[in-house]
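Worksheet: one structure, shown below.
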Ligand code: C5P
């Protein structure tokens, strides 16, 4: 494999990498790895620090990089009798799809061997700060940062004292000083050591610095006849605490809200085998349905004929024509939010053939078109069951913003998501979209232009806007 030297990159690239890695709290090397992984998975973060929902940018590396909920931990094993429980901890972390790289202090090696730790973790074990093999590329910095979390189990009184006072005279303490990751300590020591004023001071300092502690529990000590607070938490408790820190509950800002979405084209029959259609793929509407579902909403998706699987956890009503779509939309009311992303055919054939139309010597069959119901306008103008937030889409090939602004007024909706669908943009059927959010703000029409993004990112951003607006409104009505 080719190796990449960051120092030799263009200044512009280096600056971009430095800013992006600082923003994401990663090392530059790790950021390059994330960029490459996203590229392979076809997902790229926007180049500008565009406002993605806050949880996304601070989540662990592994949560940001795709569906697989893998994570990685650097486990520092301190020197105490409880070190034997760390062997079980490795197994329990791996069961939870958490990669574990282990560091053993000198004292820890009196209790467990690097060989058994490496056999369980399936990784090489690190023991020395001055190990030429791993330190030639600043190995302690990598162990400190190329992970989502650092776990110290057992955290001895000595290790905690070193950490609280910023010592870095061995590999474990150097990692703890060099890390920008969250640290979880599982203390284990004799009750007298735990209650000693020095340890109490160190614990208070560490907690003030944001270090998280699990345990210690109370119980019998290894020393005969001694009991009290100081037993290391069980491996299963430490694994659960690790998982809580790595995979915090996802915020569900639309919990309790019902979101109605239309998507895809409509097919307007000419006769039993022919129809009028358009090139809409339904991808944007489906992505919005998935994002709203992920945000905790109950989602009803009314979809025209598309080639996409139903999003998980979403109620999907499949329809063909505009009139069927309107019927299903009306049946789905009431809703808190309605998003009309479908490319509904404006016209249908009035004289739809009951049988397949035949070529005759009389020439072409005369097709009479009549206007379809406008679903967006119909729902926006309801007086009783109008959803409090109605969002339409404007797919235009010219005068995008002007047309979208007049559509906002004409249709009576609250927001319009405008996008240019000229063939050159590749939006219709493609995976990316450049949109402008048009809304009314303080009596004026505001235009918020977003950078080019994947349709999934547009969906996440739109749902984040919806969630903020819904939250602001409930704050307003509460005050
Ligand atoms: O008028 P135009 O088709 O450009 O308006 C687009 C917006 O109106 C989209 O939100 C679309 O879903 C909605 N629409 C509708 N029913 C129609 C036509 C458009 O809901 N018959």
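Just so you know, the numbers here start at 1 and follow the chain as drawn.
Heads up, the Cβ atoms here are built off N, Cα and C, so glycines get one too.
Taken from TrEMBL, the feature region 'Phosphopantothenoylcysteine decarboxylase' applies to 1-258. The feature domain 'Antitoxin FitA-like ribbon-helix-helix' is assigned by TrEMBL to 2-38. Residues annotated as domain 'Flavoprotein' in TrEMBL: 73-234. Taken from TrEMBL, the feature domain 'DNA/pantothenate metabolism flavoprotein C-terminal' applies to 254-468. What TrEMBL records for 259-479 is region 'Phosphopantothenate--cysteine ligase'. According to TrEMBL, the CTP binding site annotation covers 346, 356, 373, 374, 375, 376, 393, 407, 411.
Spatially close to residue 373 (CTP binding site) yet at least six residues away along the chain are 322, 323, 326, judged by Cβ distances under 8 angstroms. Listed binding-site residues: 346, 375, 393, 411. The one with the lowest count of other Cβ atoms within 10 Å of its Cβ is 346. Look at residue 393 (CTP binding site): DSSP puts it in a strand.
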